[in-house]
Amino acid sequence: MSLTARIVRIAASCFLLALIFAPHALYAREFRPDALDRQLNAVSDRRLLATPIRHLLDPERSAAAHRLLRWRLPLWILVTAAEFFALLYLWSSGNAARLRDALRRGMRGDAAAEFAMGACLAAVVRVAALIPNYATYRLDRALGRSEVLGAEWLWIWLLGTVTAMLVGGALLAVVFRLVARTKRWYLPTAAILAIAAFVGGMLYPVVVVPVLWPHHERSVQLTNENRTLAASFGVHDIPIRVAQADYAGLADRVVAVGIFTTREILASLAVERAYSIRERAFLLARVDAMLAARFPMRRTAIDLALVLLGVSIAVVLSERLGVRRDDDPLSRVALLAALLVLAYAAIAPVDLAMRRSATFAADRSAVAMTHDPAGAVRALVRQGDHRVEGLCPSAAALLFVDPHPALGARIAAIEGRADPCRSHPFTPRARPHR
């Protein structure tokens, strides 16, 4: 059996095992409202809107959030540094060239060697970031944002690793075939990435959702509650599913998945069980506003543009660096991948800033549609308590890590009060709701 066949067989076996067992490892867990939910339910709307923003969240959970969330930025830096230095060492030590030679000796054809090289680089990135990513998972576990057990997390990590290897290998093989055929290889590459991005967006609810959110089922209750709201935004026939088990941190959130004909709304079990009808109306109206503004499609296009920008930056930087004597385009891909990690770290704040701006716009549209600022504030406070969110994260965390605006800024914008987080330079200035 050739080396190519062995790699493909091992990768396919791991992928199938993870796909088969991962959805069943995490069983459906019952959610019950806690004491904080009952306390929040007892607060009147008048008192809720009159309470200073800094006193809305549970003080013990706010203190825990302040202690634990400060580790998010160091962990993000550690993940980025681990990926960058692992790839850089692979190239600078000559191991990338030796790996290239070994793959070419064991593979039949250049395309197979290029596929294997891309798969190996993806595996290096995933393994290098394993420990800091596991630490991030443990942080979410300590905050109560994740119910996934350690063994379940490893299954998902394995599934993600095998998927990254297959995608990385296929992408590298296709790009090298295009480079060999045309000098303007970047044009068909961009077209292929665009098609893959939109096809992936369409297949996400069909392929990814059953793996990350097993035991999800259609909610007749939420669908009926959302029918009038969705029609007000010009959105129709959007199914809503409730995830009773969660691999990907959906806790207390309502999100839109899919694009075009496959779009649907996914809600956590806590939203159905602990939130009132008025609070659910705000959360559902936010998602309807994003769907009406075609935010999922726009986000896919923007993410694709940022990826192409990152690749361009990495290519330009790699051409400015020296060349090893044993270098060739295939071994130099390790250097290009390392620079791509840095390029992504540099452009990540742009992506996060656009997401935060979209969140403010969705909040504004939802409150304007429901005419219920008290319900919106109550939903955000409950969400902040359940997810142990800090009222005002650090400016650095907002810049590099957090795709959501500061909770204090969102509540202030809804109430039309002064922003308690306005000292943070990277919190977008939100217009108050009228």
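For all residues, glycine too, the Cβ spot is worked out from N, Cα and C.
Values in this document were obtained by computation on a predicted structure and should not be read as measured data.
Under the heading domain 'Peptidase M48', TrEMBL lists 312-417.
The transmembrane segment feature in TrEMBL is assigned to 73-91 (among others).
What TrEMBL records for 112-135 (among others) is transmembrane segment. If one looks beyond the transmembrane segment (112-135) by at least 6 residues along the same chain, the residues whose Cβ comes under 8 Å of a Cβ in the stretch are 3-4, 7, 11, 71, 75, 78-79, 82-83, 85-87, 90, 99-100, 103-104, 153, 157, 160-161, 164-173, 176, 330, 333-334, 337, 341.
Residues annotated as transmembrane segment in TrEMBL: 155-179 (among others).
Under the heading transmembrane segment, TrEMBL lists 191-213 (among others).
The feature transmembrane segment is assigned by TrEMBL to 300-318 (among others). Residues 190, 193-194, 197-198, 201, 259, 332, 335-337, 339-340, 342-344, 346-347, 350-351, 354 of the same chain lie 6+ residues outside the transmembrane segment (300-318) yet bring a C-beta within less than 8 angstroms of a C-beta in it.
Marked as transmembrane segment by TrEMBL: 330-347 (among others). Tertiary proximity for the transmembrane segment (330-347) is limited to same-chain residues at least six positions away from its ends with a CB under 8 Å from its CB atoms, namely 80, 83-85, 87-88, 90-91, 96-97, 99-100, 113-114, 117-118, 121, 125, 172, 176, 306, 309-311, 313-315, 317-318, 321, 323-324, 400.
Sequence-distant contacts of the transmembrane segment (73-91) (same chain, at least 6 residues past either end, Cβ-Cβ under 8 Å): 99, 121, 124-125, 127-129, 131-133, 135-136, 139, 324, 331-332, 334-335, 337-338, 341-342, 345, 394, 396-397, 400-401.
Computed over the domain 'Peptidase M48' (312-417), the whole-number mean pLDDT of the model equals 87.
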